[in-house]
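Everything on this sheet refers to the single structure shown next.
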Amino acid sequence: MIKIKQLLAKVLEKIKPSKKEILEEEIFSRKLIEKVRKTGRGQVEVLLAGSLARGTHLKGDRDIDIFVLFPEDYSRKEFEREGLRIGKAVFRGHKWEKAYSEHPYIRGEISGFKVDIVPSYKITGTESKKSAVDRSPFHNAYLQKKLSEKQKDEVRLLRQFLKGVKAYGAELKTSSVPGYVTELLILNYGDFESTIKAVAKWEKEEVIDIEKQLAEDYARKTFGAPLIVVDPVDKNRNVAAALSLNQFSRVIAAARAFLKKPSTNFFFGKKAKTLTAAQAKKFIEKEGLIVIEFSYPAKTVSDVFWGQLKRMRKKIVNELERKEFAVLRSSEWTDEKMHAVIVFDLKSNKLERAAKRVGPEVTNEPHSERFLKFHKNPLSGPRIEHGRWVVEIERKHWVATIFLKELLKKLSQTEKANIARALKKRSGVMADPKVLAFYNKNKAFKEWFSSYLKGKEEFGEY
């Protein structure tokens, strides 16, 4: 078995930016900061934040977070208006979009760098914050003071590991480990190997509080999350709140698998084979596999849409279960360009047309009268079974595909405006041959759907 330290050295060679890259990033950042400062007309301070500022970024990331610090006496309206003005001015002549955190900001691409221009207030302490991002300068200062040069490389290793097992990023698409948390984990445990060993033994509601600000029981009661990492600069915040239970569990399982059989595959993944048309057909022909596909909403921020898509899936699952369709599993996908997809694995696409309804005990006269009045013309009954009234009625919805088509029409009237417009533009419910046809002609969907159909954690095969 390859020694972990040798393996980590090989990985680090691949993921650590070269001196030339770092110099290019520094030169570009300085020019950008100066441009933002001039655009701010002397009213703002400008700060480089994020992993680039802290020296924990990965080779090729080229992500630059610029924070524009406004005086506290700016109203929220002025703050947002000026923040957007500065962002748009900086991106003039380049591709950009309006994005949202707690408030709107501008992000885009300049010279191959992904740039976020984020407005925040300049405050003296996090207790006086006016927006969630006001903490960011304090995160910067804390980590620049605490992280050693060696630990910066350990953060890089942890980030790449989490990317490799598909558990990195606070975005709603992934609901995984935020970048800031990787830095705090290394700070807490010391290095990558120690962190992975600790992660392998994590329990639900694990508490990490580097500055020992809260009692563990209090932290669990206050935050109630799978992983609780108390923000060293703001004890009232769990910086791991974005991490879902599934992704928390995936990180633990991946850590255990890595310790049993270390491999670079955990860091860079292993090219998964997509299912052939014949292999996919066997899965797709299962009676209960149904796919909803609709157009990707125009002018939509991807992270916002992922949240909407997840909520829409859960809403539809609830409706299916309310109609007594057994949902074995479900998931969502989008290429963030043209297609949005929700997949449902049902025990069966069809139910018995007759549904049994068990009523009140015969001895309960008022409830009995209401039940019998409600079911005046049942398919069968009313009759008495085990002392209760029983009838059999005809289901209004007994074919899932037909029900989902009706539901989509309803959702096109009730969902958020961008989803409603997308559903009206193009939406459909697919089963069997239509799903296979869509699978064969859409490469991006094919890769995701193959993984979904296999239903197996990829790191289990390393």
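Glycine is no exception: its Cβ is also placed from the backbone N, Cα and C atoms.
Binding of Mg(2+) is annotated in TrEMBL for Asp63, Asp65; the matching candidate from Asp73, Asp116 at the same site is Asp116. In this entry, Ser51, Arg54, His139, Tyr168 make up the residues listed for ATP, with the farthest two CA atoms of the set 19 Å from each other. Distances between the Cα of Asp65 (Mg(2+) binding site) and those of the binding-site residues Ser51, Arg54, His139, Tyr168 are shortest for Ser51.
The shortest Cα-Cα distance from Asp63 (Mg(2+) binding site) to any of the binding-site residues (Ser51, Arg54, His139) is found for Ser51. Taking the binding-site residues Asp63, Asp65 in turn and counting surrounding C-beta atoms within 10 angstroms, the largest count is reached at Asp65. For the binding-site residues given as Arg54, His139, the lowest number of other CB atoms within 10 Å of the residue's CB is seen at Arg54.
Listed in sequence order, Arg159, Leu162, Thr174, Ser176, Val177, Gly179, Thr182 are the same-chain residues at least 6 apart in sequence whose CB falls under 8 Å from the CB of Tyr168 (ATP binding site).
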